[in-house]
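K.L.:
Below is the structure I would like to discuss, written out as structure tokens.
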Amino acid sequence: MSISTNSFAAIVAVFSLLLLSSMQCHAQLSSTFYDRTCPNALNTIRTSVRQAVSSERRMAASLIRLHFHDCFVQGCDASILLDETPTIVSEKTALPNLGSARGYGIIEDAKREVEKTCPGVVSCADILAVAARDASTLVGGPSWTVKLGRRDSTTASHTLAETDLPGPFDPLDRLISGFANKGLSTRDMVALSGAHSIGQAQCFLFRDRIYSNGTDIDAGFASTRRRQCPQEDQNGNLAPLDLVTPNQLDNTYFKNLIQRKGLLQSDQVLLGGGSTDSIVSEYSNSPPAFASDFAAAMIRMGDISPLTGQNGIIRTVCGSIN
């Protein structure tokens, strides 16, 4: 079967267009996006984040989580920051965020400062991405080059926030598939779980685990955690996700899993005889491996379905549409 020159040229053109469209969202994000339009943007954001984290170390975990919870719902478009209105059902009130998502005010503060020098230029979605990176470095975690150029959504999805975010009781297969649905590998999922090296969880999220007398939890660890988490009431009592270095983003989280001291069920399932055991073991033995993979996974997470070019807007206030 022969193909004419014209037909061949047409096929090549179609493949070129397909390739271009698949690359476009990544090509439009660039680490130098604001170099000319707002050269001090990153320094301004860093100042706001540094002030917040120096006041409360836990805020570093909250800012990383906020970026994560944004990207998993509609992509990295700052939809999580939108407040409730007659036309918007806010993601803030979805169960995974209600009473636990924090740091909205820090992002608004950073946005307000950036607006003073570069009004209408820097998106809230990009501020979230930069804040997560800065938060990591301020608590001893890795740094990475943030790609920029995202725009902000005009919609939120309470429904997707209820369904697409991984939960504290999820089994391993559901965690793997949930991340895969966002274009993230199993290795990315394990690396990103390492963010639980910092931050705290509410009692009701780990109560069943510490009272289970299961073989996958260290008895002494469970006993210690029960002191601040009775079998009834005190649902909001907080416990550090990592008891050893609670304010440091490091690989201790993975060492804890090997000792059966993961606080959440969704943490400990990473070491339960499944496909992620070897990755947990690797990260527990190699801080550089974890740091490198965490940084790479955060970059890939920041690439999830960004709004670019003519799509989306630049919000003046992150909590509302202009």
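Note: Cβ is positioned from N, Cα and C throughout, glycine not excepted.
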K.L.:
Looking at TrEMBL, which one of C76, C118, C124 makes a disulfide with C318?
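P.N.:
Its disulfide partner, as TrEMBL records it, is C124.
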K.L.:
Per TrEMBL, which of C38, C71, C203 is disulfide-bonded to C118?
P.N.:
C38
K.L.:
When you check TrEMBL, which of C76, C203 turns out to share a disulphide bond with C229?
P.N.:
C203
K.L.:
Report the nearest neighbour of C203 (disulfide bond) in space among the binding-site residues G75, D77, S79, P166, H196, comparing Cα positions.
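P.N.:
The smallest Cα gap between C203 (disulfide bond) and any of the binding-site residues is with H196.
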K.L.:
Do you see any of the recorded positions H69, D70, V73, G75, S79, E91 whose C-alpha is within 10 Å of C38 (disulfide bond), and which ones?
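P.N.:
Hits: none.
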K.L.:
Spatial neighbours of D77 (Ca(2+) 1 binding site) among the recorded positions R65, C118, C124, P166, C229, defined as Cα within 10 A: which are they?
P.N.:
C124
K.L.:
For D70 (Ca(2+) 1 binding site), write down the residues of its own chain that are at least 6 apart in sequence and whose Cβ falls under 8 Å from its Cβ; none is a fine answer.
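P.N.:
In sequence order, the residues whose Cβ lies under 8 Å from that of D70 (Ca(2+) 1 binding site) (at least 6 apart) are C76, D77, A78, S79, I80, L81, A125, L128.
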K.L.:
In whole Å, how far does the CA atom of C124 (disulfide bond) lie from that of E91 (Ca(2+) 1 binding site)?
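P.N.:
Between the Cα atoms of C124 (disulfide bond) and E91 (Ca(2+) 1 binding site), the distance comes to 15 Å.
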K.L.:
Find the shortest Cα-Cα separation between E91 (Ca(2+) 1 binding site) and the recorded positions H69, C71, C229, C318, and name the residue that gives it.
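P.N.:
Comparing Cα positions, the closest of these recorded positions turns out to be H69.
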K.L.:
Quick check: with D70, V73, G75, D77, S79, E91 left out, which same-chain residues have Cβ atoms within 8 Å of the centroid of the Ca(2+) 1 site Cβ atoms?
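P.N.:
Checked against the 8 Å cutoff, the neighbours are H69, C71, F72, Q74, C76, A78, I80, S153, A156, S157, L160, A161.
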